[in-house]
Ligand SMILES: [Mg+2]
């Protein structure tokens, strides 16, 4: 059988706030039981891998830390590769700080290599002014993600993208963003699972991040309607998902889904394996 695997968004797909989406636990536990490779992909940089794991375990989803990939991790790994042992001024919280430390970065409040922005509740005008002057002084602006807002139980909270836009407007400098839909995070997640492009399925509820990111990478995409995108919104976009489902529960048995919906007709690939198959087929 062909090896396939899933990249899965969490908020709006697995849960809403602290509320489990019915059937999501069954789907994930089936992935675990069938040893189908998967990774949870989140644009929330606030929590650490362990925090996210605990949240999911409390909902009855028995995942481990290795199943979690946050935009904070993607950002820290990208920076460590781009400039090893660098320094960062951070607007953000635990998840981002820990990921940067873990990747050999020092957190400073003077003359950093990078100003790195995530979400958090500790932002003040002083913090922003401080960041502005560092950026104008030569620090590069890095965004963990550009999500403009995030739906909450009581309404909408401003997202990381809003903070980044503020800094961009004041400084006239453009941020580099690592989170979904950036190919940096989308590709790193696939590599983590050791899948090829054509073996990768992205499941998410947001067109601008999950689905756009997947489409750009040539992955198969599944949109769930349990989160931010409504069916009538689909008309507004020049791109679209391969499959639309009411809920992740509708995918049923993940092994069957992969075999019947995904394996067929998915010839797109840019990997050595695929080239070998092509060579053999055309010999
Ligand atoms: Mg989502």
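Glycine is no exception: its Cβ is also placed from the backbone N, Cα and C atoms.
A quick note: this is a predicted structure, and the numbers were derived from the prediction, not measured.
According to TrEMBL, 9, 11 bind Mg(2+); the candidate from 205, 233, 235 that the record adds to this site is 205. DSSP gives residue 9 (active site, nucleophile) a strand state. The two recorded residues, residue 11 (active site, proton donor) and residue 205 (Mg(2+) binding site), have Cα atoms 8 Å apart. Taking Cβ-Cβ distances under 8 Å and a sequence separation of 6 or more, the neighbours of residue 205 (Mg(2+) binding site) in its chain are 9, 11, 12, 13, 223, 224, 225, 226, 227, 228, 229. If you take the C-beta of residue 180 (substrate binding site) and look for same-chain residues 6 or more apart in sequence within under 8 angstroms, you find 9, 41, 43, 71, 145, 186, 204, 209, 210, 213.
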